[in-house]
Amino acid sequence: MGVGYSSCSSLSLSFPSSTCSFSYCPTTSNSKTTCTFSDKSHSNHLLSKPTSKFLQTHIRKLAQKTIGKAPSSAPFFLRCGRVVEQMETQKGNDFLQKPSFDPHSIDQELVQKIAYDALVWSSLHGLVAGDRNSQRSGKVPGVGMVHAPIALLPMSFPESHWKQACEVAPIFNELVDRVSLDGNFLQESLSRTKKVDTFTSRLLDIHSKMLEINKKEDIRLGLHRSDYMLDEQTKLLLQIELNTISSSFPGLSCLVSELHRLLLLQFREHLLLDPERVPRNNAVNGFAEALAKAWTEYNNPRAVIMVVVQPEERNMKSLAEIDATGELQADGTLLVGGEAVAVVYFRAGYAPTDYPSEFEWRARLLMEQSSAIKCPSIAYHLAGTKKIQQELAKPGVLERFLENKDDISKLRRCFAGLWSLDDLQIIKDAIERPGLYVMKPQREGGGNNIYGDDVKETLLRLHMTGNQEDAAYILMQRIFPAVSPAILMRDGISHRDQTISELGVYGAYLRNKTKVIMNDNCGYLMRTKVSSSNEGGVAAGFAVLDSIYLV
């Protein structure tokens with residue numbers, strides 16, 4: 001049984017295959033409960049009787065206990081399922097469509113009320129993350145959890161740019177697939193990088209082995225996220241990067257959007273914002289649907305979906321465990337712990353630290369050699385590297401992979417300036433004006449980029465050494481988004497700050513030979529950080545999870 005709660009207006013209970021509603025008014029103690037079950041097998045469930053004294057008594061006690069500091073006149077509603085989907089559209093002129101909203105104008109007493117409800121809702125709906133201060137966090141399921149770092153209210157974002165990001169997501173999905181099939185392009189584009197970047201070199205070695213044995217990936221699954229910032233000066237939506245491995249936060253991002261919609265509804269009289277302007281977020285459902293459809297295409301009902309994780313996570317497999325218990329059958333079937341694997345979903349394997357020994361590399365090769373559907377395959381992984389992003393931005397390169405001129409034009413409008421470090425004119429300008437550039441290595445996960453005067457110093461050092469280490473980096477135009485006020489929450493404490501935001505749009509792609517089964521944009525991730533911070537990873541501690549308010 002799951003319980004979802006908001007102290008002023010909403011509490012939800014969910015039971016298998018059931019729908020249930022309960023309303024309670026604290027001023028009159030009147031209540032009404034109805035329960036129905038769509039599965040007859042649950043007809044003898046305790047809650048199948050609407051007049052159950054157990055249900056009436058305990059829910060009333062829960063309501064009275066948890067309603068906390070809610071105004072005495074506020075009704076208390078309980079709904080099964082997704083709360084926000086039950087919200088009725090507010091009629092009349094209650095909502096003001098303001099072009100901008102300053103959360104710093106909210107008085108502190110109201111902030112505390114909103115924050116209290118947000119924290120309770122987060123704890124009861126799984127908007128939580130591991131607590132780094134707890135030694136048992138990540139080792140014992142459910143132990144050492146805190147609310148995920150969040151923005152208290154959604155961030156304003158232009159609707160036109162939101163639609164643009166959603167529109168190009170399926171085009172980027174198709175582009176990744178086309179690039180993955182061009183083994184020569186991947187190998188040639190990363191050939192200089194391979195000489196100086198050991199991690200990329202090892203990935204390329206696996207890819208090269210697959211080319212040598214002519215290994216074909218008939219069923220190809222991609223779960224991607226394309227990240228953008230809105231440049232304040234040009235008003236252009238510019239791509240930061242395209243993630244093809246371990247595209248994080250589809251689950252928590254959905255919960256943040258749901259939380260923000262609920263808070264805007266609950267405090268509508270104070271905020272005067274329309275919850276319907278926060279887009280519904282179906283990222284987790286989209287990813288789950290893609291994984292399920294891939295499993296179906298594999299066509300082995302006894303096979304499983306395996307999630308590859310970093311150590312000290314539970315109910316899943318690490319790379320070292322796969323090496324220890326995995327084997328490859330003659331027909332290409334991957335067995336891990338005796339189970340046939342249909343789909344391998346990588347939540348690890350994107351960083352050098354994920355490969356502390358040869359065991360992990362051996363596991364990655366084993367999976368790549370198998371007939372299991374890899375998400376991503378080694379080719380999809382390489383297609384998401386910074387160097388390939390830079391190569392695709394060169395004039396005429398997109399035409400190598402896409403035929404539709406309109407699609408090509410839409411992608412190019414999103415490209416920021418990208419250069420390799422063999423462009424001497426750009427290097428000279430970056431040394432003179434380092435604040436206008438970002439140096440990026442072939443790494444994922446945040447905390448790896450080089451900014452400001454460090455750009456100048458790194459370029460001068462590379463020039464002095466005269467080796468080929470520069471091939472490990474690309475240069476990117478630095479994007480300067482608008483600075484906006486926000487209220488950020490970490491460890492139960494809210495604070496006001498000036499912030500910048502980054503929008504990520506998820507995409508799901510599934511293809512079986514020539515048949516495209518799924519090619520969709522499926523939800524979004526909004527990350528907000530203080531404007532003084534260069535890096536932007538939530539897990540790395542730089543940003544908080546957010547949602548968008550369309551203006």
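Cβ atoms are placed via backbone N, Cα and C, with glycine included.
Feature annotation from TrEMBL assigns substrate binding site to R225, R527. Feature annotation from TrEMBL assigns ATP binding site to E241, K386, 440-449, Y451, 476-479, E502, K529, E535. Feature annotation from TrEMBL assigns Mg(2+) binding site to E241, N243, E444. Annotation source TrEMBL lists domain 'Glutathione synthase substrate-binding' at 318-383.
Overlay of TrEMBL annotations on the structure.
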| residue | record | Cβ contacts under 8 Å, 6 or more apart |
| --- | --- | --- |
| R225 | substrate binding site | L242, N243, S247, S248, G504, V505, Y506, G507, L525 |
| E241 | ATP binding site | S226, D227, G384, K386, Q389 |
| P441 | ATP binding site | D197, K386, N448, N449, A472, Y473 |
| E444 | ATP binding site | N243, I245, S246, Y350, A351 |
| R478 | ATP binding site | G435, L436, Y437, V438, Y451 |
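Under DSSP, the residues of the domain 'Glutathione synthase substrate-binding' (318-383) split into helix, strand and coil as follows: 28 helix, 18 strand, 20 coil. Using a 10 Å Cβ-Cβ cutoff, K529 (ATP binding site) registers 25 neighbours.
Using the Cβ center of E241, N243, E444 for Mg(2+), the list of other same-chain residues with Cβ within 8 Å runs, in sequence order, R225, D227, L242, T244, I245, S247, Y350, G384.
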